[in-house]
Amino acid sequence: MAKEFCISKALAVGTVVMTMSAVGGIITMAIIYQIQIAENEPTRPPTTLPTTPIPTGPPPDLRLPRNLVPESYTIFLRPHLYTEVTNETNQTFVFTGNSTVTFLCLKKAGSIFLHSKDLDVKNPVLMRLDKSAILKVKLNFNYSTVNETNFLEVQLDDGKSLEPNGTYSLFTEFEGKLLNDLAGFYTSQYEVEKDNETRYLAATQMQATDARKVFPCFDEPDMKAVFRLTLIHREGTQALANWPPEASSGTGIVIDGERWIMTEFKPTKNMSTYLLAFAVSDFKPKLKPGLERDIKVWARPEAIDAGHADYALSITQNILEFYEREFEVAYPVGKLDQIALPDHAAGAMENWGLITYRESALLFVDGVSSSMNKEYIATAIAHELAHQWFGNLVTMKWWNELWLNEGFATFMSYQGVKDAEPTWDTEDLFVVNEVQNAFQVDALASSHPLSSSEEEIQTLTEINELFDSITYSKGAAVLRMLSQHIGQTDFKNGIKMYLKALQYTNADQNDLWTHLQQVVDKDSNGIKEFMSSWTKKAGYPVVMINTTNGEISQEQFLLNGTWNQEVIWHVPISAMAGDNPNLLKGFLLKTAGPVVKTEMKSKEWILVNYNCTGYYRVNYNLENWQRLIKQLETDHHAIPPISRGQLIDDAFNLARGKYVDVTLALDTTKYLGNETQYIPWEAALKNMEYFILMFDRSEVYGPMQAYLEKQITPLYKHFENNTMNSTEPESHTAQYAQLEAVSMACEVGFKDCIDMAKWKFEQWRKTGTNSIRPNLKSSIYCHAIAAGGVEEWEFAWEKYLNSTIATERDKLRYGLSCTNHIWLLNRYLQYTLDYTKIRRMDTVSTINYIASNVAGQALAWDFVRAQWKYFSVEYGEEIMFLGSLIDGITERFSTEYELQQLKQFQRDHTEDSLNSASRALEQAIERTEANIKWVEENKATVLDWFRRESKRP
């Protein structure tokens, strides 16, 4: 048992500091000197006055000056938080602490600038360590909110200055609030079902710029340092952080009659401030015995006891070891903790050694969680583990190249999942989830390059807007293309060199190209030239293929607008014909063209961008399109599933961009009555969903509904035995295909499907036993509630409130949005303002669910406009929240009236009030303009086609 000792609150901070050894001695001296400064200022060595004026005032831009280099932080934090609250408990949502940052001075300066936000900072003490001298300082908060700098200025008194090559330490005390804002050091809560009580915990989310909300720091990614952390937390709680606790840690102390635990953690490796993480809770761990390293999953005790962490734990070691083999760089932390938090701003966060997740991204519940939930968990774990190298070990220099972190983690996550779950067809899923996802946003003129200049990305809003599908999905897609272009072996070897050479430092994309080039050809600049065309320009090309004369050309693909003739990409062209997958390989199109390749002249069909390895769309001459469509209708198996999906996706988007007639795109779906594979169906239904959004309020919807019912019925019948008998198809993608069949069949009103959904839901209501298979729950809940009334909605709402399983709550939240009762939808929207009903992290997705319902779209838009001030204040600084909200509620917009509403909304709000939604709003306006034009040009043709094809046998 740890030895206890008693101290008063007044002496708590000082005594805590004294528990440290050498560093602790320095801090203790600083505190003592601070008290004595007024009476006995220590003698300082003589200094030479500078020949040039010392800079005064705030830095000229939003970045910290580069005159100081942090080396280490020593941080003590005490969250004043009870995990259990009784009537006698005085719950105080604050944290107190102190920190000492040691730094090297490179250039003479009269002030220290660092970041601090929403903190009460006091009692600064500055020491020059190499001369044991105390320097008088004062705090200046004048610049803390100017231009989003969050600068805290510590000014030296008496004309003194920091000297070049001097090593200094700055001690500060501070206090901050523990809010439920999911940023910095924040609170979360959960319900204990068996005891019917609420428990509290505290955790962190520092990315992108919220470490400054926890302690004063140099909060920029290239200002790496070592962190020494001590947490003082209440007895009965566990404290976790990036690195393991010291062996002697866990000392019991008493402060003002209350028992606390002091947990001191080992110093970290050199890392960025946004990766610092810690948590205080009463959670339990799940660990796998017999492992060389300490790997644990932490969660609510009930979840651990029920085995909800078992799946995550079972794959973590495999994926971690796979990455170590791939990169030939060992995971540098002595342990790995993964914690499932009831509230988390993102799906997960890659903090070194302590990865934080939403519960739905880490906990899998047999019989409740679906195959999609399992894939999400596996992908999230693989993504965050990849970050332990890409982002943590080697970090981008500045946020303008965030894609080096997120693109790599996304790309590698599919390889990690493939190693853990080899039967999941992850290479095919990559195209559907990442490539086609990025294509949609990157076809807008308001898209952005993967890599911008540092000057273009300065404010918090500009940083947050980068956390989008371009950074994640396009970043991954172009890395996949590069890997295929230079060969996977050379790509892997170059990555190994990159990681080894730059570990514990920062990099930009040129560093990556340099190391890859050394493997491929040291004397060439080919990789930089090749990749710059993809990373420094927004958008992507459409490659035109003419099989009559063999011509190949390229131009920028845009859904709405005029392409820039000066924008040219280096496009790797691959092609197959019949059973020859290598008809054209290794050809790099570097000009707009046309370039003639005799291999491309053919009277048989040719398919370019085989398996969609390149980040571009392909358009053919009409004759080749017709040959490909005929092949689909006669024997679709001659074309691989991933390429069948690619053909459909390209055709529909080329039609939206007016490269081909809309009827040609629709013709690619005529064979689907014979298709049972997930990838082609996903591509088709994703694009048909666009037609539904554009026409579900017009006379086109009836014939379109009839056609879709005709096409989906064979797939529904294919899986009907599984559906009715509550069994699952064997393969992972077949389970997805079954879900596609049920979801679309019910959406278009297929009676067998609607009856099935109503019956299964009613059996649950009557018997109290939910026998609905997890994969089909979202769809069945939705369509049963849509076909039902108030009783069905209230039943689902009660189940939602009483469920403690995140994945089940997510499915019920979605299902509740499907009702056709306007007053219920309005009430549901109001619930999103009440965190006791809808968790803060679920607000945006719930509103977007309601907006996806044709009955709720206008309601959601009106609601968001009316509440925008609230949303802007609550979510304005959070990554992806406001942008996702604008994207979701406007995706159906296709009328001039809706366009004018959008433009008025933009005029009514300044860029400051729009926050991170500024770019999303620009994209919504551009998308709406494109939708209006497309509907006007195609409505009559589409109506005629659906009328004709819905009646064709």
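Quick reminder: no glycine exception, Cβ is built from N, Cα and C everywhere.
Together with HIS383, HIS387, the Zn(2+) site in TrEMBL holds one more listed residue from GLU375, GLU401, GLU406, which is GLU406. Excluding HIS383, HIS387, GLU406, which define the Zn(2+) site, the same chain contributes GLU350, GLU384, ALA386, PHE390, GLY391, ASN405, PHE408, ALA409, THR410, SER413, TYR472 within 8 Å (Cβ to the Cβ centroid), listed in sequence order. Recorded residues GLU384 (active site, proton acceptor) and GLU406 (Zn(2+) binding site) have their alpha carbons 10 Å apart, per Cα-Cα distance. According to DSSP, TYR472 (site 'Transition state stabilizer') is assigned to a helical segment.
If you take the C-beta of TYR472 (site 'Transition state stabilizer') and look for same-chain residues 6 or more apart in sequence within under 8 angstroms, you find TRP403, GLU406, GLY407, THR410, GLU434. Taking all protein chains in view, 26 other C-beta atoms sit within 10 angstroms of the C-beta of GLU406 (Zn(2+) binding site). Within the same chain, the residues at least 6 positions away from HIS387 (Zn(2+) binding site) whose Cβ sits under 8 Å from its Cβ are GLU350, ASN405, ALA409, listed in sequence order.
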